[in-house]
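A short worksheet on the structure shown next.
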């Protein structure tokens, strides 16, 4: 412990906060704790290394989650195809007919795949992989801090995430399979081990993994908030913070307020599973047998506790993407962000409203229609700050001197997807329309577009843009653009048609539609979707090849500030050490978007003092 | 240079992080008590009086908080003897709280109100047990501090030592106030 304290003191002394020792440490002396491989790459406390750990672990899970979707899409697109070739990978989950030798996907495993795809992508990839990566990378670099408020907590945050991942990974190999009751884990299916194979040990491990995941999110989030609020460099007022930082701040606040609530639900679920309580159970029949001792509970209660996290969670996913996109669009359009303060207040508005809309996931749960009305109202109001943000992104790009590269293209793609997916949200937010559309592919299309693929686009945009900050090299631009155009087209090809399927009433989560004659007309559409999904999957493999190739062989970064950014991460040396700046931390004198605002200068960085009589652009 | 010399005096990051953690814990217990209210509104809910031990435990944890409060004053006066004495008094009262909560559960069990008797008892055990787990977290911090105390590391106040004491006591006062909230909540709900 003593050693750790010394490091932390060294890192923080310039910030003040210990109440002593200011000013004696204006030069960074290197990091004593990166002396060995283990300290440097495994149990690192450097926020930049932890960011890379989050990113690469997130990529690992993204491949697994996406591969699962490809397998269940094969079932949906080609239900009669022979899948015996998947047997080496999936073993017993492929039922092989001894007579014909034809392999089909086990229905139980189909549900497990759908469940795990959702859990993995929502929590491990788009929460930890997105916010974990970029909050860690950018918060200290952009606010001017040597590291996080507590590097130790930061490291623990990653390792709790890792532990959660290991537990979830083990659950994939259980004899009874991983949990298969949907990523929302509604009781009674999740509360009764005898309810299905996936509800046995798979669900126990699912709960355990998610509790560790919550611990990781809280450790990370508390750190992000205290770093942003307490460790900004001199002159970095709240309204001089880049929009990325505002987004990360609100993301962490949402996580801090909502994850504990779902955890309380998880604990009640565990007690129902293991200790015989009936918090969520009442009048249950399993295989025709009444569970007479499990009475008095309320399954809807779990839904409230779950969606009290669940809805803020979608903003936990999309806000960091929004922050990254705001920054990337401004820098590559060579224009200040349009309506900086409107953007900040939209983020705050979304943050507050996100806690008042959760029951719009529960319109068909028997909710009182008058209560539904209130949730409809707030759901529609949240479209206002979202629309303000969209308008401002378009206005930022409008008339800009746009550089079309992988980073900026993915940002534009984000805006496109966010509009396409957001518009269908207005339909679903209305209780009356939702009664019809609920649990159909319309919902699947909506949320995949607005917060699934869109958040991935924000993440890709951030990776292409800040790759030099992370690795001192660039990613391959040609491969990046192939990745962009391919992913954009296939994403729309996958989720566009699903809107029609949903409107026609095709329910989500079904293994097979062969008993529904009316849906036969969509067979070809399902095949197109599956083929598009497979192409999309291989395009992401291309991205991963590009990513790892570029780490070692990419074009080297030679300029400190290659994109002409104005924020502080472009003042650190190429491949910065632990502590970020070799000399003193720069002071901030202006807002972060002084791009193309001066006759004689293309851009002015945040650490440049204001000229005599000049007014800060953000005010 | 000027950046580094002119630092604004802000709350210590660790203290701030603790307060953030407390916010999270408040949300955690708010969820439990909200769920309690929602569930209680439906039928099949048995009311039963709280065991007396819960009131004794309340006195114990309030006493421990008071002892820690006074011990910090003694610490700031560099009165090591009073500090240690009061600290260990608070420490013992903290343990007494956990013991009395356990005794409370035992006496509930004795009259047949066990975990699965009714939703009302399930909630009572769940919420009080979750609280005791949080108290145990505080006990771990108290033990760490006590080890330093026995070795005489806190005889003379320094900012670093004060921070450690502040962090531990702030958390302890929080779990104390949390218990008061829960007790009042249970009493109102009866």
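Numbering starts at 1 and runs along the chain as displayed.
Including glycine, each Cβ sits where the backbone N, Cα and C put it.
Source: prediction; values computed, not measured.
According to TrEMBL, the protein has these features:
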{"type": "DOMAIN", "residues": "A:37-589", "note": "domain 'Cytochrome oxidase subunit I profile'"}
{"type": "TRANSMEM", "residues": "A:54-76", "note": "transmembrane segment"}
{"type": "TRANSMEM", "residues": "A:109-134", "note": "transmembrane segment"}
{"type": "TRANSMEM", "residues": "A:155-174", "note": "transmembrane segment"}
{"type": "TRANSMEM", "residues": "A:205-225", "note": "transmembrane segment"}
{"type": "TRANSMEM", "residues": "A:246-271", "note": "transmembrane segment"}
{"type": "TRANSMEM", "residues": "A:314-331", "note": "transmembrane segment"}
{"type": "TRANSMEM", "residues": "A:338-358", "note": "transmembrane segment"}
{"type": "TRANSMEM", "residues": "A:370-395", "note": "transmembrane segment"}
{"type": "TRANSMEM", "residues": "A:407-428", "note": "transmembrane segment"}
{"type": "TRANSMEM", "residues": "A:440-461", "note": "transmembrane segment"}
{"type": "TRANSMEM", "residues": "A:482-500", "note": "transmembrane segment"}
{"type": "TRANSMEM", "residues": "A:528-549", "note": "transmembrane segment"}
### Query
Which listed range (A:54-76, A:109-134, A:246-271, A:370-395) shows the maximal number of Cβ pairs under 8 Å with respect to the transmembrane segment (A:338-358)?
A:370-395
## Note on the structure
With the greatest number of Cβ pairs under 8 Å to the transmembrane segment (A:54-76), the stretch among A:155-174, A:205-225, A:482-500 is A:155-174
### Query
Any residues 6+ beyond the ends of the transmembrane segment (A:440-461) with a Cβ under 8 Å from its own?
121, 126, 129-130, 133-134, 314, 317-318, 320-322, 324-325, 328, 406-408, 410-411, 413-414, 417-418, 420-422, 424-425, 427-428, 483-484, 487, 491, 494-496, 498-499, 501-503, 505-508, 543
### Task
Pop the mean pLDDT for the domain 'Cytochrome oxidase subunit I profile' (A:37-589) in here, whole number is fine.
95
